C-alpha cells in the first residue's frame, strides 16, 4: 500500500464498498456525535466522509484532530445509512470507517477558517492566501484558470501558431506606465526593466522571419490597481502574425476566444460572429469605446432637434451655441416608474458633475404619441416625435438627455445608459457579448498644448495612402485629424480584453507619423533606435493583439475583482502581504549594486 494514499478524497464510489483504502488530506469539518466522530476529509480532488467510533483503536488519535489538520487514515468503505446520503457530493453515498489514523501535519489556531462562507477582510485573506486558496470557490477559480490557459494554448497551436519565450530583463520603454527597474551589478549605474509587454520582441520575432507567434506573457507595470487590473504583474495572450491584414488577425483570434468562452461559459450564450463597431459609432451610440452589448439601449444624437428655432429650452440651446451636443438615452418601459426613479437618476447625474438629466415620458393619447415631463412643454409635439423616432422610443418609454461638449455628453450618456439598463433590468446577462471596435483616430487635438498628438497607439499603421501621408504638411491639420489607424480593440460585456494593431513597419511612415505629432527624428532614434534599425533591414507587414488572460478568467469565473482569479495577488498598494514584498535591501546588497538611498522624509 502507498505510504499516503490509495485513492484521492474525491474518488471513492459505491463500487469501492468493502475495500480497505488509504486517504490523506485536511480535516475540513469534524462533528462529534457523542462517541462517534465524523471527519470530512478533503484534498485537491474532493471530500469523503470518514467515521470512527470508540470501538476503533484509532479513536483517541482521532479525538485530538482539529480543523485543517493533515491526517492519513486507513479504513473500510461502506454504504452510508439510508437517509444520510449527500447528493451534492460525488462521494455522497459512501463513507470510510477509520481503522487507523496518523497525524501528518497539525495546525494551530486558524486566522482564516476554511469551512463556511464567512467573508474576511482582504488584508487577512491576502496575508494567509494559502489558507484562502483551500476554500472551495477560490480553489475552483485557480483550477479553472489553468484549464483556460491550457485551452488557449491548444487553440493557438491548432491555428498554426508557435509558442516563443521573450526576455524578462530588458531595456526601459518610454511608452505606457512606469517601469519596474532592476539595477545591474556588473554595470554600475545602469538598470534593466521588466517588460510592460513583449511588444518590441514579438515584432522583432516577425522581422526575424518567423510567421505566427504566441506567448502567455507576463507583463509588469508600475501602475495603480483597479477591480479589473492587478498592480505589478499580469498575463496576456500575446499574438503576432506576418503578412496579414486587419481582417486576417480577426479571423485568427475570433475562433480562439469564441471557442474558449463556449468551453467555459457554463451554458451562457457566446457571440457567434463578433460585430465590427467603428470608434465613432461606439462613442455616439454607447458613449464609450468599450460597449456592453448586453444592454439593448442605443444613444442617439438630437442636437439638431434641440437647435430648432421652435424649441424654447434655453439650457440646451446655450450648450449647442457654444459648440456642444445633446444626446438622447432611451429608457424602455420607464413611463410606469414612480417619480422617485427619475429623481434618483437626476441625483446620480449631479453626483457625476452634471446639472442633471432632462427627460420626456412618452404616452399615447388619442392615437398619438404625447410627451410629458419637466422639459416637454418647451418642445413642440412635432419635434418630440422626431426625438422619439431617433431614440427608438414608443408609448410607455422615456428618453433622458445629456448635454455638453461632445466628450462630456458622450461620457455622461454612456454612464446613464448602463445605469438605466441596470435599474430597469434590461440587460441580458445570460451571455458573453463580444465586439470589435475599429477605425480609431490616429491623431487628436491636444487642447492643453494646442497641438496635434497621437490619439491611441503611435506604432499602428495609418489607414491612409502612403504617398499622400508622407506629403502632409502643417496646412493639412483637418485632413490629419481625420486619419484613422489600423487599430482595434476586442470588447466583451463592456470590458476591454485587448488592444491590437497592424504595425507601422515602414521607417519613413513612422518618422512622418511622429513628426506630425511634434517628435523629431532624433527623439525617435533615441527611444526606438533598435526597432527602427530592424525595420530598415527588411520588415514584413505584420500585426497582432494581446488579450488579457486575467480578464478572460475573471469574466468566465464571474468574479468582480481580478484578485479572485490570481494565485498570489498583491493588494491595491502593490504589496505582497504574505511574503513581505517589497522589502528593504541589506546594506551589503546596496553596496554591491552601488546604490545609495535618498528617501523622502516621513510625514508626521
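Just so it is clear, glycine is given a Cβ too, placed from its N, Cα and C backbone atoms.
Range with Swiss-Prot annotation region 'Aspartate', chosen from 199-202, 203-206, 207-210, 211-214, is 199-202. Summary of the site annotation: Swiss-Prot records ATP binding at 221, 222, 223, 548, 549, 550, 551. Screening the candidates 158, 163, 478, 496 against this entry identifies 496 as the one listed for that site.
When Cβ atoms from all protein chains are considered, those within 10 Å of residue 83 (site 'Important for tRNA non-discrimination') total 5, not counting its own. Between the farthest pair of Cα atoms in the ATP binding residues (221, 222, 223, 496, 548, 549, 550, 551), the distance is 20 Å.
Residue 550 (ATP binding site) sits 25 Å from residue 503 (L-aspartate binding site), taking the Cα positions as reference.
Candidate recorded positions: 33, 83, 548. Nearest to residue 221 (L-aspartate binding site) by Cα distance: 548. With DSSP states grouped into helix (H, G, I), strand (E, B) and coil, the region 'Aspartate' (199-202) comes out at 4 helix, 0 strand, 0 coil. Checked against residue 223 (ATP binding site), the recorded positions 33, 83, 456 differ in C-alpha distance, with 456 being the nearest.
If one looks beyond the region 'Aspartate' (199-202) by at least 6 residues along the same chain, the residues whose Cβ comes under 8 Å of a Cβ in the stretch are 164, 166-167, 170, 173, 213, 215, 238, 240, 459, 530-531, 544. Under a cutoff of 8 A between CB atoms, and with a sequence separation of 6+ in the same chain, the neighbours of residue 456 (L-aspartate binding site) are 440, 441, 485, 487, 499. Fewest Cβ neighbours within 10 Å among the recorded positions 33, 221, 503, 551: that distinction goes to 33.
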